[in-house]
Amino acid sequence: MANRPVVIGIAGGSCSGKTSVTRAIYEVFKDHSVVVIEQDYYYKDQGHMSFEERLQTNYDHPLAFDTELLIEHIHTLIERQPIDKPVYDYVQHTRASDVIHVAPKDVIIVEGMLVLEDERLRDLMDIKLFVDTDADLRIIRRMQRDIKERGRTTESIIEQYLTTVRPMHNMFIEPTKRYADVIVPEGGDNGVAIDLMVTKIKTILETESNV
Ligand SMILES: Nc1ncnc2c1ncn2[C@@H]1O[C@H](COP(=O)(O)OP(=O)(O)O)[C@@H](O)[C@H]1O
Ligand SMILES: O=c1ccn([C@@H]2O[C@H](COP(=O)(O)O)[C@@H](O)[C@H]2O)c(=O)[nH]1
């Protein structure tokens, strides 16, 4: 077993396929040892705000996240200590009351739109991925997903996309592509990129000098 866990960052725009790539890697290592930390679960708690106020939040800006807590939790997992991961409720737009107890593992996947935006997060990562999918495909997927899974209407999705999702993507997410070691076109369908990642992770895990 490696001394220091391998930390993998998986960034990319909303609905680019980050979760699909994460799941594909998770499936390979799940019996071995992998933990997934979703940046979305670290949205700031908005329990003190009314539902109407929460609708005004810009969820695509870096300041929407409790990045201090996210960094603290990754440090804790790297030190092979457990964490209580927050849970986020996309329908209520705030943190849920329960937490998930997460044990430390050999592979830590940190997945989220803006995980390459903060230098402190980047510095913790051994491998940085950017999932790159065209904006037209992403908005179609978002339309389908948010109506089905996140309690949204077509009008609210279009309004949010034009006012925050698109401009924040261009301002904060797209520029982080330059920090990626690997750019993955088409996300979860890219079997070659996923195989390469799996091979690389195995190599790091098997390397004795990984301290
Ligand atoms: N290659 C694909 N073709 C069609 N739909 C996809 C594809 N990849 C992902 N999706 C769908 O798009 C939505 C977002 O995918 P997901 O992997 O969760 O992206 P992200 O985590 O980047 O938001 C999901 O509903 C998923 O089922
Ligand atoms: O309360 C919330 C929290 C987030 N969002 C939107 O979610 C996406 C990020 O999720 P992905 O799985 O990466 O698509 C982000 O674009 C936020 O706008 C939200 O609408 N409400």
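In case you wondered, yes, glycine gets a Cβ from its N, Cα and C as well.
The annotation domain 'Phosphoribulokinase/uridine kinase' is assigned in TrEMBL to 7-192.
What TrEMBL lists as ATP binding site is Gly12, Gly13, Ser14, Cys15, Ser16, Gly17, Lys18, Thr19. Following the DSSP three-state reduction, the secondary structure of Thr19 (ATP binding site) is helix.
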Revision key, fill the gap. Same-chain, non-site residues whose Cβ lies within 8 A of the Gly12, Gly13, Ser14, Cys15, Ser16, Gly17, Lys18, Thr19 Cβ center for ATP are Met113, Val131, Thr133, Arg138, Gly187
Exercise for review: Check the binding-site residues Gly13, Ser14, Cys15, Ser16, Gly17 for any whose Cβ is under 6 angstroms from an atom of ligand 2, and report them in sequence order.
Suggested key: Ser14, Cys15
Practice item. From the binding-site residues listed here (Gly13, Cys15, Gly17), select those whose CB sits under 6 A from an atom of ligand 1. Key: Cys15, Gly17
Exercise for review: Please list residues from the chain of Gly13 (ATP binding site) whose Cβ is under 8 angstroms from its Cβ, counting only those at least six apart in sequence.
Suggested key: Met113, Val131, Thr133, Ala135, Arg138, His169, Ile173, Glu174
Practice item. Would you identify the secondary structure of Gly12 (ATP binding site) according to DSSP, in three states? Key: strand
Exercise for review: Pick out which of the binding-site residues Gly12, Thr19 has the most other Cβ atoms within 10 Å of its own Cβ.
Suggested key: Gly12
